[in-house]
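Chemist: Take this structure, written in structure tokens, and hold onto it; I'll ask about it next.
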Amino acid sequence: MNIHEYQAKAVLRAFSAPVANGFPAFTPEEAVEAAKKLGGPLWVVKTQIHAGGRGKGKFKEPEAGDKGGVRLARSIEEVETFARQMLGATLVTVQTGPAGKQVHRLYIEDGANIDKEFYLSALVDRVTSRISFVLSTEGGVNIEDVAHNTPEKIHSFSVDPATGIMPHHGRAAAKALGLTGEGAKQIESLVTRLYTAFVNKDMSMLEINPLIVQSNGQLRVLDAKVSFDSNALYRHPDIVALRDETEEDAKEIEASKHDLNYITLDGTIGCMVNGAGLAMATMDIIKLYGESPANFLDVGGGATKEKVTAAFKILTADSNVKGILINIFGGIMRCDVIAEGVIAAVKDVGLKVPLVVRLEGTNVDLGKKYIRESGLNVISADDLDDAAQKIVNAVRAAA
Ligand code: ADP
Ligand code: MG
């Protein structure tokens, strides 16, 4: 689960990380109120969307101006002007895709005098099974470019969970960023605080780009992006409360309510499959025959008729879906249950696109019989190859 920058900063502030003062604003009036409370003389008006690259982003609406999604303001009037321009406008950044994201919230923050911009992130590293820190003196810019062009400028170390964070990690961080004396002390205590926050809150990723040295020598977290491990959210109701569903895919939210593993993709063939491995194989074979999947959907081993119905409704409600392929191997899951779910869903929501069903395994004959006798316009298939070719041909014929 992802949260907004201002929420991430509040989480980090609770662990005593140095962040600036600021307030979220949902309206221009709230932005002015926030600016007054902060007092100035320099403010930053920051769009809050679940995507980075805001500073260099562009608004779709010309009225929103061409100064990007992070703007320095030197008066309260300017804060208000920016807030009016940005709220409701659609910001396109390298991370939003061409559709962009509509801005519903702003963060009004004290402006900082920046001396240096560093990069710092922490993540769960699957290779070492540890939390790793990544640091670079080249902050504020696209870190992927730094890694590609000047890999020697990227430093990393991992923390053994048995010992936790140690003074030598802090020294490694200071060395990576070329900090000595007071600066070294600050980074040493910062990595300790960040590690503690990371572990306590079950984060999966924490990225501070940039971490700055201000002209007074103090370190400050200037941007913050945090993701949490969804499997651990049950023990963090305070984090769950920060969820902003307007930033998430509506179909994925609906799927999560039915406990379905669903991810939206950009192809045209909707897939309903049981088991993640079979779902991956189904997506691959659709690609092999020249089309692309519209989603990943694993209905799970013990799906009920209701779950299958819900899944089918999500697929048919998606206007990108030009055809549906149901590929079920009945093990624990019985083919007749799947058939009943599909029939119930089609009766309920109708079927406007071709549907290919491939059933195999437990109660397959009964499942096929139900579908045959339902009178529905379903193309049945015998194996994976056959099914993929049939749905690709059907979608192409309908186009
Ligand atoms: P993004 O990564 O989405 O572009 P950032 O929060 O990193 O957004 O902001 C982009 C740039 O704007 C930063 O690299 C920094 O130069 C500037 N900036 C952001 N916040 C402040 C602030 N509080 N004071 C001064 N400059 C800021
Ligand atoms: Mg940034």
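Heads up, the Cβ atoms here are built off N, Cα and C, so glycines get one too.
The ATP binding site annotation in TrEMBL covers LYS46, GLY53, ARG54, GLY55, GLU109, ALA112, GLU117. The Mg(2+) binding site feature in TrEMBL is assigned to ASN209, ASP223. The annotation substrate binding site is assigned in TrEMBL to ASN274, GLY331, ILE332, MET333. Look at TrEMBL and you will find 9-241 tagged as domain 'ATP-grasp'.
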Chemist: Could you tell me which of these binding-site residues, GLU109, GLU117, ASP223, has the greatest number of Cβ atoms within 10 Å of its own Cβ?
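Modeler: Buried the deepest by this measure is GLU109.
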Chemist: Of ALA112, ILE332, MET333, the binding-site residues given in the record, which has the fewest other CB atoms within 10 A of its CB?
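Modeler: Result for the binding-site residues ALA112, ILE332, MET333: minimum number of other Cβ atoms within 10 Å at ILE332.
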Chemist: If I restrict to non-local contacts, at least six residues apart, and a C-beta distance under 8 angstroms, what lies near LYS46 (ATP binding site) in its own chain?
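Modeler: Listed in sequence order: GLU5, TYR6, ARG54, GLY69, VAL70, ARG71, LEU106, TYR107, ILE108, GLU109.
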Chemist: Over all pairs in ASN274, GLY331, ILE332, MET333, the listed substrate binding residues, work out the largest Cα-Cα distance in Å.
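Modeler: The two farthest binding residues have Cα atoms 10 Å apart.
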Chemist: Enumerate the residues of the same chain, ASN274, GLY331, ILE332, MET333 excluded, that satisfy the criterion Cβ within 8 A of the mean position of the Cβ atoms of the recorded substrate site; list them in sequence order.
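Modeler: Those within range, site residues removed, are GLY275, GLY300, GLY301, GLY302, ALA303, ILE328, PHE329, GLY330, ARG334, GLY361, THR362.
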Chemist: Provide, as an integer number of angstrom, the distance between the C-alpha atoms of ASP223 (Mg(2+) binding site) and MET333 (substrate binding site).
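Modeler: About 47 Å separate the Cα atoms of these two residues.
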Chemist: Measuring Cα to Cα, how many Å separate ASN274 (substrate binding site) from GLY53 (ATP binding site)?
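Modeler: Counting only the Cα atoms, the answer is 37 Å.
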Chemist: By a simple count, how many Cβ atoms lie within 10 Å of the Cβ of GLY331 (substrate binding site), its own Cβ left out?
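Modeler: For GLY331 (substrate binding site), the count of other Cβ atoms within 10 Å is 12.
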Chemist: Max Cα-Cα distance in Å among LYS46, GLY53, ARG54, GLY55, GLU109, ALA112, GLU117, the residues listed as binding ATP?
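Modeler: So the maximum pairwise Cα distance among the ATP binders is 19 Å.
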Chemist: Under 6 Å from ligand 2 by C-beta, which of these binding-site residues make it: ARG54, GLU109, ASN209, ASP223? Sequence order, please.
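Modeler: From ARG54, GLU109, ASN209, ASP223, counting a Cβ under 6 Å from ligand 2 as near, the near ones are ASN209, ASP223.
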